[in-house]
Structures are given as structure tokens and as C-alpha cells.
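Each remark here refers to the structure printed beneath this line.
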């Protein structure tokens, strides 16, 4: 009986997911259909694999950003942590530290950066927007100080394999996306920690009265986001064979746009990892399609800004709809 019950539950969860994300799924299908009509190579295997590599960094950052948004906070420092972590990792490898050790130390360093944000958000009354805006500048400045404002090249084969290698026909970066997606899904949907996150984002005061460890969960979420940012820094540096102190600038906007397009609410308490992945795909396919249509980068920046506006507008509509339903109830 249990396998049948599990099957029914999974079917209900899938239907709920499709219903909740119907608008963005339709948008994704329309974008894919339009680009496949107007370009000859959009749906080729090579291009899809190329898009997978291109969206890898944004997807990892978006999963981390979604976690912070779900608890009702925001992290504007993810791009700077990405840059600083990439510089730390490449500096260690070029300094003779084994690649595997450098990768682990970099992820721990990302957790430390996230812990700084988490402790400040937890033990002060300063809004997370202001905290992470300040640490964004601090981490970025540290990256410039560490490198004297110069790029650090890295041709280590093990390291570059992360960004350019394949396992079978699939890029390693694509596998990283799948692993991060699965981990985030399990964390949000199958754990007590995930349920606590939704409770905090939905009503922080009620979560405190319910005995949920709000401070602990909040700090851990920021640490998780720091680790994801460090991972993104490793991925980007390995893909371009270098670490640059200016890298990751503006990436927090991509992460926020993807998360909110994917159904994560700015007000907290709502969002899914699957929805975030759809948001990332929309932005990724849009950027790829504009490049294939030879649209200048200046117009692409404008389109990205419009996407952020659209994401915020959709979030406002969703929040107004929920408030209307509550009032009627």
C-alpha cells in the first residue's frame, strides 16, 4: 500500500507544482518556441549544452538567494562573495596548495562570509538589505586588495576541468546544477529545517511562539548562501581560467530576478527550487537567444532590467491575490 500512497502523493505534488508555476512554464515554452523559429541552431545539442554551462553560475546563486528570500531576508553580497572566493581559490592553487584542498577551503571560506551576514542579520536589528549592501562592498574591496586589482590566471588541469570538462555527454557544470537543484528541493520539502524556513518567512513572530529556532535557521540559511556563492566563484573561475576581483558584479540582480520569476516571494514564506530553476532557464534562454539574434549587449541590459521589473510586478500580483483570498476567508 505504501508505494501506491507515495505514487499518489508524488502525482499530487507534481500537479500542484505545475498549477503554481503555470504562468512561467507557459512563458518558458513561448520563449523556446519563438527562438527555435527565428534561429536555426537554438535547439541543437551543442547550443543547449552551451546554455547549460552559461546558466550554471546563475542557477547556483539563485538557489542560495531563494533560500534567503524564503525566510524574508535578502543577500546582496552574493556577487562579491563569488569574486572573493574565486580569488581565494585560484591564489591557493597557484601558491601550490593541492586543488582538492583549495576547493574545500574555499567552500569553508564562503560559509564564513555567509556566517558574517547571518550573525549580523540575527543579532542586530539592521535590515538584511543594509547589512548585505555593506558586506558587498567589504568583500569586493577585499578581492581588490588581495589581487591588487589584477586578474589571477590559473591553468591547473584539475581546476579547469570543473568549468570545461564533461562526464559522458554532460558538462560537469550541468551535473553541479542538477545536484544543487536536488539538494535544495530535498532541503525545502523533506526536512524540518525547510519547514522552519517557510514558517519564519510566513510569520516570524508565530514561528518564535511555535518554538522554531529562528536565529539558528536564519544564520544557517545565510551560511548556505555563502557556500553556494563560493561554489559559483569556483565554477566561474574554472570556466574562464582566471579569478577576477571585478567578476560577479550585478549577479545578485540575476539571482533575485530568477528567484522571483520562479515564484519566490519578496515577502517570504513562498517558493520552490523547481520554480527557481524555471526562472533561471527563462533568463538563460533569453540571453542566449538575444546573442544568437545579434542583439547588442546594451539592449540585453535593458531587457534584464525589464525582466526584474516583471518579476517584482508578478510577485506583487501574487501577494495581492493571497491577501484578497485571506480577506474573503
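First residue shown is number 1, and so on along the chain.
Placement of Cβ uses the backbone N, Cα and C atoms for every residue, glycine included.
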Of the residue ranges 166-188, 189-211, which one carries the transmembrane segment annotation in TrEMBL?
166-188
Among the residue ranges 2-20, 21-39, I'd like the one that TrEMBL describes as transmembrane segment.
21-39
Per the definition of 3+ C-beta pairs under 8 A with sequence separation of 6 or more, do the transmembrane segment (256-285) and the transmembrane segment (217-236) touch?
no
Mark yes when the transmembrane segment (297-314) and the transmembrane segment (59-90) have three or more Cβ pairs under 8 Å (sequence separation 6 or more) and no when they do not.
no
